[in-house]
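Colleague: Here TrEMBL flags 105-117 as compositional bias 'Low complexity'. Feature annotation from TrEMBL assigns domain 'Cytochrome b561' to 1-65. As annotated by TrEMBL, region 'Disordered' applies to 101-135. The annotation transmembrane segment is assigned in TrEMBL to 5-24, 44-64.
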């Protein structure tokens, strides 16, 4: 997960830099009379826009790197391991399940179908979790 977050931040940072360079380049090529150095209204507007984009990017960087802004775990979810772990929490290819779907259903048909589904999930291997051929 940290690699995903920081690679996303790298991509977001390059997008912010590209936007700022593009706006500045457009302003330099468009402003001939009056020149950019005399602070025309278009230049002031573009500089203000650039500062707002920069502040927005910095705010996003700050929010994403703070642990208190992480999404909390759902109540009743059980984290599962891809390989290893104890027998009751071992399920290949899954990340978390909710304990709201308990195995003690009132209807026997529901209990049978849920136990069959649970048995299938326990025996699902990594090779079976990929795409299957339609032939």
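Heads up, the Cβ atoms here are built off N, Cα and C, so glycines get one too.
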Colleague: Over the domain 'Cytochrome b561' (1-65), what does the predicted model average in pLDDT?
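Modeller: Summarising the domain 'Cytochrome b561' (1-65) by its mean pLDDT gives 90.
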Colleague: Could you count the residues of the domain 'Cytochrome b561' (1-65) that DSSP puts in helix, in strand and in coil?
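Modeller: Going by DSSP assignments, the domain 'Cytochrome b561' (1-65) contains 57 helix, 0 strand, 8 coil.
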